[in-house]
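**Student:** Sharing a structure here in structure tokens format.
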Amino acid sequence: MELSFIKGHGSGNDFLLIDEWTHGYTFTEENRHDLALALCSRETGIGADGIVFVMESQHADAKMRIFNSDGSEASMCGNGLRLHGRYVLDKLERDEIVVETNKADLYVKRDGDIYEGVPAYRVEISPVLFDLESLPMTIGKDRLFNEIVPELSDSIPFTAVAVPNPHLIAVGDRALIASGEQKRISEMLNSPNAICPDGVNVSFVHPIEKGVIYVRTFERGVGFTNACGTAMSASTLTTCQLGLNEIEVPVEVYNNGGKVRCEVHKHEQDRYSIDLIGNGTYMFEAVVQLELDSPIDFQLKGRKEFAEQTAYEKLREEVVSYLNEHVL
Ligand SMILES: N[C@@H](CCC[C@H](N)C(=O)O)C(=O)O
């Protein structure tokens, strides 16, 4: 078969966007898993952190499903939702839509430019869950807020939150970022283990000044990525709860692929949601010729570049020099 896709990114977290809905593709669960494994490989595939599938929804404007590069499915993806949302907003010629995701219906809105020539999209990150059962995480407690877990480290405090995909967050200084601890702990929790049996996204966060943080994430199902949208949202919330940032006040979040803005909202009964605002940039579109039962033997055809990546590169250059001075 011939399969059309767009390769794009949110803060350098890159995805293949496949529109099942418009093209009438009928994939099995196994096909989606196999496509993610074959096409996302950086060695033998096209290379991406995951595949974002655009699907029809029975009750919302569209549906999103996200598969990591290892073929596993995640319940949510913030950077992917911006890319997916941008595609559907353009397709339906709307400024605001609701997208069905695995566990929630979430709004996506156009939101001006995050940088000259780089349009931004605002997506809702919700629900926000603090009970460890939601991750799941088993350490003999119900919640984890800025506490040492001796099985992980005897000096780094962690916070656990599901949005609703699972996140572990450590906030600290430049030395924490430079240490090899994030790799060690992430690899342990994303291999067979009793603490986080389904794996977990692990972020190390450095507050730079009030209203500005840096977040680096080791993603479940992928490894270190340039950025993880749900992780940046959960990390911003954690810094608000630690009194380092403020609820309802935008926070600039730097990452290795660019920057986004996060706004934490507090609702009744201690319920939170977060707005994640950033780019959804197209890099190129192409067609792959493949057989669904062996997608690894694909052929890439008709690759066409989008010009918009050039404007994004300027943002990226500024971010790199800012990070060299303040974080790395
Ligand atoms: N990069 C995403 C998150 C993708 C899913 C994650 N790896 C998981 O398995 O939970 C984001 O931008 O949020």
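Yeah, the Cβs are placed from backbone N, Cα and C, and that goes for glycine too.
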**Student:** Considering the substrate binding residues ASN13, ASN68, GLY78, ASN79, ASN165, GLU219, ARG220, GLY229, THR230 given in TrEMBL, which of ASN201, ASN245 is annotated for that site as well?
**Tutor:** ASN201
**Student:** Could you give the Cα-Cα distance between ASN13 (substrate binding site) and CYS77 (active site, proton donor), in whole Å?
**Tutor:** 10
**Student:** Let me check the 10 A CB neighbour count of CYS228 (active site, proton acceptor). How many other CB atoms are there?
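**Tutor:** Counting Cβ neighbours of CYS228 (active site, proton acceptor) within 10 Å gives 33.
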**Student:** Note down the number of other Cβ atoms within 10 Å of the Cβ of GLY229 (substrate binding site), including every protein chain shown.
**Tutor:** 29
**Student:** For a quick check of packing: other C-beta atoms within 10 Å of the C-beta of ASN13 (substrate binding site), how many?
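**Tutor:** I get 31 for this one.
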**Student:** Can you grab the distance from ASN165 (substrate binding site) over to CYS77 (active site, proton donor)? Cα atoms, rounded to a whole Å.
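**Tutor:** About 8 Å separate the Cα atoms of these two residues.
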